[in-house]
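A quick write-up on the structure given underneath.
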Amino acid sequence: MYSIEVRTHSALHVVKGAVVKVLGSEAKWTYSTYVKGNKGVLIVKFDRKPSDEEIREIERLANEKVKENAPIKIYELPREEAEKMFGEDMYDLFPVPEDVRILKVVVIEDWNVNACNKEHTKTTGEIGPIKIRKVRFRKSKGLLEIHFELLELENPS
């Protein structure tokens, strides 16, 4: 069984994939993330507040991906090789220091690719249900904050 922080961190990747599916590639750049216990915040560069319908769809798609129990693959690769395989989309707005030569790249197939050195669950099903609690658009900075929490796992093993 994974710690709640590992599950919540893994949920960031699932939520991010849903955000990009619903809002488009304009929302692909992560500005910041935050995890504490079962609560997480994903902050992306974006130019507007999503509609209530879009927010519901992000939550629905994220939970669909959790139910799918998709594998979360981790590749540990030389930086140059990772950049050839995954391109700039694996990066966030906060840069990976230049002296880091080996990258861990988290891949949820056809959903999310991200250079990330944190621990993750092996599948999306191990994350548990995701509930979006608050969405805040900071117009002056062009940032969209998505606050979510993990609900209890239905069948913890």
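Keep in mind that glycine also has a Cβ here, set from the backbone N, Cα and C atoms.
The Cβ of H13 (Zn(2+) binding site) lies under 8 Å from the Cβ of I72, V106, I108, W111, N112, N114, C116, H120, each of which sits 6+ residues away along the same chain. Among the features that Swiss-Prot reports, Zn(2+) binding site is placed at H9, H13, C116, H120.
Counting only residues at least six positions away in the same chain, the Cβ atoms of V35, G40, K118, E119, H120 sit under 8 Å from the Cβ of H9 (Zn(2+) binding site).
Close to the recorded Zn(2+) site, the chain also has S10, L12, I72, V106, N114, K118, E119: residues not among H9, H13, C116, H120 whose Cβ is within 8 Å of the site's Cβ mean position.
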